[in-house]
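K.L.:
Right, I'll just put the structure down here and ask away after.
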Amino acid sequence: MAAAAAGAASAELVIGWCIFGLLLLAILAFCWIYVRKYQSQRESEVVSTITAIFSLAIALITSALLPVDIFLVSYMKNQNGTFKDWANANVSRQIEDTVLYGYYTLYSVILFCVFFWIPFVYFYYEEKDDDDTGKCTQVKMALKYTLGFVVICALLLLVGAFVPLNLPDNKNSTEWEKVKFLFEELGSSHGLAALSFSISSLTLVGMLAAIIYTAYGMSALPLNLIKGTRNAAYERLENTEDIEEVEQHIQTIKSKSKDGRPLPARDRRALKQFEERLRTLRKRERRLEFIENSWWTKFCGALRPLKIIWGIFFIFVALLFVISLFLSNLDKALHSAGIDSGFIIFGANLSNPLNMLLPLLQTVFPLDYILITIIIMYFIFTSMAGIRNIGIWFFWIRLYKIRRGRTRPQALLFLCMILLLIVLHTSYMIYSLAPQYVMYGSQNYLIESNMTYNDHRGNSSLSVPKRCDADAPEDQCTVTRTYLFLHKFWFFSAAYYFGNWAFLGVFIIGFIVSCCKGKKSVLERVDEDDSDLSDDEPSLYSV
């Protein structure tokens, strides 16, 4: 019987890993399509494209490991709180180590991408814009600028390695004994603290990106789908009126010099501005005419009811996330162990919809896997909507615009860097939405319950199952490796807690702003500073 049970368990584990493998292929295909969709057709570079696809895929694969981690710790126990026959101490440790080494590998690759490869490729193409620069000079300059990122990474690893999470028992120990204790702690953790500190630092940056882009995108995406875009024929009519008005101004200014007198400096400046404006309006006229007569406009018009339905659906999804996040944060504010513990809560005092739904779906594999995948993809699409609406800024300076088919290589690298950091933060966001699920999955443990019989006037002890939480014994409940990585340092957890409140605030502000804004233009604006805009690349896909 034990052998048969072990065989059945192994078969289900193999099926789980096969599904994970298929998901990896789907992730690679999605990243390739996504990056190719946004990259400029005129300025596409092979290295930047491969870098963007690879970095985004690594982030998604890391997030895909979360449900695998939760499934494995849950699958080792029965619903009655006992461990399965095959899940002895050695097997459990082997499974945990496999997931842990997977995280070690993926997080190390993420550090390599963020602190070396992406900055190197970015600075390489920045130097390439200078025509007089040779290949060797480009590489040297890119390496010089990248060295700063490498130093930051080394400092994060060193700080994480030697931050004293545990203090020596002997308070009267010498300085040498304290240093020796730190090295012993570093050896016993196998570098987990150093890697966790570095990844948590990146996750903190991802939290800021999520507050700016994802929170706004969660309101902008559905409302843009519902409101749609302006009518191309109506915009063309307005544009024609503007052209006539500008031509009239030009004729008025030129009429002042018919008798041979030179124009004053003020009129010359005004004439130049009106002529530039006229060129812009005529370019806009050609694009509007192209879009008005295109099949894509007619196709999007036919899909208009479907877009409205999707917009309403996304509003309900956004409200589900916001309500779940609010209840989870409120639970931490009322019932947590305080800021010194990173607002850890013992049990779920205030239930939220997702925290109740995910453990239920986990009983039917792989429904929870599918839901987490949907959540991650939803965060990516809403983040992308936020980035497209806001753009990439450095304080008050706009660096790049993100547009379909017209995004420069440097902007594409920036885009994938931001998405990588947001996807890293998604793991903690899912923990905020369903803390018990991310920590222990569907694990139960046995507690002794005393029962009194009045007839016999006697007491008996009965073991009853209870859902695992932070107050559960360590030998009875296995914590996911994801939780160990994300919550090694209490101050990061405290920062995430306050960041969630900021996320909710930005969502509300973004929702109000999106409601007040009018319909978007059928094409993206033609500006003089738009370096990747041309007449032969009409913006059809923003319809």
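Here the Cβ of each residue, glycine as well, is placed from N, Cα and C on the backbone.
Sharing the features that TrEMBL gives for it:
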type     : residues : note
TRANSMEM : 14-35    : transmembrane segment
TRANSMEM : 47-68    : transmembrane segment
TRANSMEM : 101-125  : transmembrane segment
TRANSMEM : 145-165  : transmembrane segment
TRANSMEM : 192-216  : transmembrane segment
TRANSMEM : 308-327  : transmembrane segment
TRANSMEM : 369-399  : transmembrane segment
TRANSMEM : 411-431  : transmembrane segment
TRANSMEM : 489-513  : transmembrane segment
K.L.:
Most CB pairs under 8 Å with the transmembrane segment (369-399): which of 101-125, 192-216, 308-327, 411-431, 489-513?
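P.N.:
Against the transmembrane segment (369-399), the leading stretch is 411-431.
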K.L.:
Cβ pairs under 8 Å with the transmembrane segment (411-431): which stretch of 101-125, 192-216, 308-327, 489-513 has the most?
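P.N.:
Looking only at 101-125, 192-216, 308-327, 489-513, the most contacts with the transmembrane segment (411-431) come from 192-216.
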K.L.:
Output the single range from 101-125, 192-216, 489-513 maximising the number of Cβ pairs under 8 Å to the transmembrane segment (308-327).
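P.N.:
Maximum Cβ contact count belongs to 489-513.
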